[in-house]
Structures are given as C-alpha cells and as structure tokens.
Amino acid sequence: MAKIIVVTSGKGGVGKTTTSASFGAGLAERGYKTVIIDFDVGLRNLDLIMGCENRIVYDFVDVISGNAKLSQALVKDKQQENLYILPASQTRDKDALTDEGVAAVMKELSDELGFDYIICDSPAGIERGAQLAMYHADEALIVTNPEVSSVRDSDRIIGILQSRTKRVEEGGSVKEHLIITRYNPERAAHGEMMGIDDIANDILKVPLIGVIPESNAVLEASNHGQPVIYFKDSAAGQCYDDIVARFLGENRPLRHIDVKKKGFFAKLFGG
Ligand SMILES: Nc1ncnc2c1ncn2[C@@H]1O[C@H](COP(=O)(O)OP(=O)(O)O)[C@@H](O)[C@H]1O
Ligand SMILES: [Mg+2]
C-alpha cells in the first residue's frame, strides 16, 4: 500500500510545489517508487519545476473524466526510473476533480501500479481544491514561511487536516510535519521575521521536520527544470535532503539556520 503525503499550506507562493518536487525526487533517489500529483488545476507549475512540461499529453482531469487511462497520463521523470508526475490540467475548471475520481486514482496508484509514495501538491487556499488534495493523506507536510500571514493560514489548514480527512473520519489522524521555508537567519536575528521556535513550538505546535533557507538556488534550479534537491552544493538542496532523511527516520541536526559570520574581506568591503 502506498503512503499518501499532502504538501499543504493555506497560503499561496510559500514553496509547496518546490517542496513537493524535491521531496518526491528525494524519495525516488532512495529507491522508492514515487508519484507527485499536481492538484493545482489551472496553474500547473509542478511540471515546469520538474522540467517535463513538453512531455505532457494527458493530465489528471483527463483521467478523471475518462479521456485517458492513468498509465497514459503519468509522465516519467527524465532522470529517475521510479519517479512520475501526474500533471494538472491548465485549462479546465477546478470542479472537474470529483471525490470519486480522486479516490479511484489513489486506489489505482497504490494497489495496481504499486507506488510506495504518492505526493499530493496542494493548491493554495482552504477551499475544495486544497481539501481534495489532503482528503486521502496519511501524513502532511505543512509548508510555512516565517511571516504572520503564512503562519495564520497554516494554522487554518491544520484545523481542516484535523477534521476533514478520511483518516479523521475513520477515527484516526493525519501525521503532521512542519517545514519552514524561505528562512533568512539574518532577518530573523533582526526581528524582521518570525523565529523557528516561535512558529513551531509556540503557535503551530507541529513537529518540525526541516527549515529551508531563502536561496537563489531554488530559482536557478527551477529555471533548469530540476528540483533543487539535486543541487547538492546548495544550502536549500541539502536541507531538502535532510527533510527526506528525517522523514525516513534518520536523525539529522538542522543546518544553515545560523547567521553567517562575516569573514575579514566581507567586513572590509561590507559584503
Ligand atoms: N527556499 C526558497 N528560496 C527562494 N525562493 C523560493 C524558495 N522556495 C520557493 N521559492 C520561490 O517562491 C515562489 C513560490 O514557490 P512555489 O513552490 O511555487 O510555491 P507554492 O506552490 O506554495 O505556490 C517560486 O518563485 C519559488 O521559486
Ligand atoms: Mg504550487
């Protein structure tokens, strides 16, 4: 049986798709058969980040509306044998995703196609699209930026995770993990951003699985159509790798969260 993981946040533009791509790629790198589903009907940017936009023929909505078989719509990753994308449709309306259709796709991915992990990249908001993306989840990666509006929206999404999911309906719970992204240690030190402890322990009270620094490598990677986790020299790539390792049970300390000490030359030139 596949494990289903939703990547969710409430607010848009916080790093869900970036996280879905790297998390999925990291699991596949470790040998797990993984599929990333783009639930963001109308926006469709997971395929751009994964660099497979030109290979899309059919999409998630085609499968649900019976225009294509699931196996026809799955796009195989260019680099990894066991990584697939189920792309969103760019044009069709959001109501094309039905409860039964999504349930059938989850079942087929898990039972017939033998996936180990199904990653659901959620759209922004707390409405239907986001709820469909989380409904089947066993676990959730809650992506938050260190700012008040993002933390507040994550708090809302946690409320929905704890009430409107299949697991909760059946008397269980969805296991929650917090990811703080676009973290800037300098700005946090100056009080311009919220601190890690404030967000994780004081407000959301969700176990922290990782912190991703604000990093140019993220944009660079997406311009290359590659998840940043493949950029092994970048801080963001390393922190995503840590998240995958921790998810799989490894104990790794947080890194890249302290203010960098300026070197002699940087001090001299004010860099
Ligand atoms: N750690 C990061 N550092 C810098 N930019 C980032 C980081 N994470 C995401 N971004 C940028 O933020 C924007 C939104 O990211 P995205 O993953 O599409 O968010 P969402 O899916 O939540 O809307 C993108 O332009 C992306 O390149
Ligand atoms: Mg997105």
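Every residue, even glycine, has its Cβ placed from backbone N, Cα and C.
Annotated in TrEMBL:
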- 5-228: domain 'CobQ/CobB/MinD/ParA nucleotide binding' (DOMAIN)
- K11, G12, G13, V14, G15, K16, T17, T18: ATP binding site (BINDING)
> Quick one: which of the binding-site residues (K11, G12, G13, G15) have their CB closer than 6 Å to ligand 1?
Replying inline: G12, G13, G15
>> Return the residues near T18 (ATP binding site) by Cβ distance under 8 Å, restricted to its own chain and a separation of at least 6 in sequence.
In response: I49, T181, V218, S222, P227, V228
> Given the ATP site residues K11, G12, G13, V14, G15, K16, T17, T18, which other residues of that chain have a Cβ within 8 Å of the mean position of their Cβ atoms, reported in sequence order?
Replying inline: S9, T19, A124, V143, T181
> Counting other CB atoms within 10 A of each CB, which of the binding-site residues K11, K16 comes out lowest?
Replying inline: K11
> Around T17 (ATP binding site), how many other C-beta atoms are within 10 angstroms of its C-beta?
Replying inline: 28
>> Which binding-site residues from the set G12, G13, K16, T17, T18 have a C-beta atom lying less than 6 Å away from ligand 2?
In response: K16, T17
>> Using a 10 Å cut-off on Cβ-Cβ distances across all protein chains shown, tell me which of the binding-site residues (G13, G15) has the largest neighbour count.
In response: G15
> Which whole number is the mean pLDDT over the domain 'CobQ/CobB/MinD/ParA nucleotide binding' (5-228)?
Replying inline: 95
